[in-house]
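Participant: The domain 'Major facilitator superfamily (MFS) profile' annotation in TrEMBL covers 1-208. Per TrEMBL, transmembrane segment is recorded for 13-31, 43-62, 68-91, 103-126, 132-149.
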Amino acid sequence: MFASRSGLDTAQSSFYVGMCIVAGFCAQWPLGWLSDRFDRCKLIRGNAVLLCIAAVPLWGLVTLPYPWLLTAGFVSGMLLFTLYPLATAFANDHVEPERRVELSAMLLTTYGVGACIGPLLAGVAMEHFGPGMFYVLASAYALILVFFVQPRFVSGEHRLDEAPLHHVAMPDTVSPMAAALDPRIDEVPQGLVVEAPASIGPGSDKPS
């Protein structure tokens, strides 16, 4: 809606949306690497500050050439699509392992409510004040994060000793040994342990 109301044709609008999505994909690994090594609360605030600034050229105050529009959209997309993963990782640092399923449900519910209300609010604002209101709202939301996500508000009462939790690369294949390979799990239930068959050496008897 932003792209079409900004005067872009169908091909340009599609490319713009694709660029924003690709930007989010490209930013996942670098932000994950940073979040494993730096304070995630400060990373969220820094991300929000950069998003607030990066979205300013897209407010519609000036008409941007198409290449500059793509550049601003790419940078904004990188910052927009990494806020939720950072918030999820930060929340998991402050909850006991046995309560992470409840935490995930709460985060997804909150995200879903926001995903329902946000487009409606942005659509009304864009209808009355122009397409740039989409990024004005993005800057406003980022500014709220800057003020409310602060280290002094984090008590650390429930912070895990091993926080920040690091990303664990797991294979695609589903195996009962996945639990044994995950360092976040202290003890593997006996039912998940699979005994490996004894190897048959060159001198051993072969089964008949």
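One is the number of the first residue shown, and numbering goes on along the chain from there.
Glycine residues also receive a Cβ, built from the backbone N, Cα and C atoms like all the rest.
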Participant: Among 68-91, 103-126, 132-149, which stretch has the most Cβ pairs under 8 Å to the transmembrane segment (43-62)?
Facilitator: 132-149
Participant: State the non-local partners of the transmembrane segment (13-31) in its own chain: residues 6+ outside its ends, Cβ under 8 Å from one of its Cβ atoms.
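Facilitator: Result: 3-4, 43, 47, 69-70, 73-82, 85-86.
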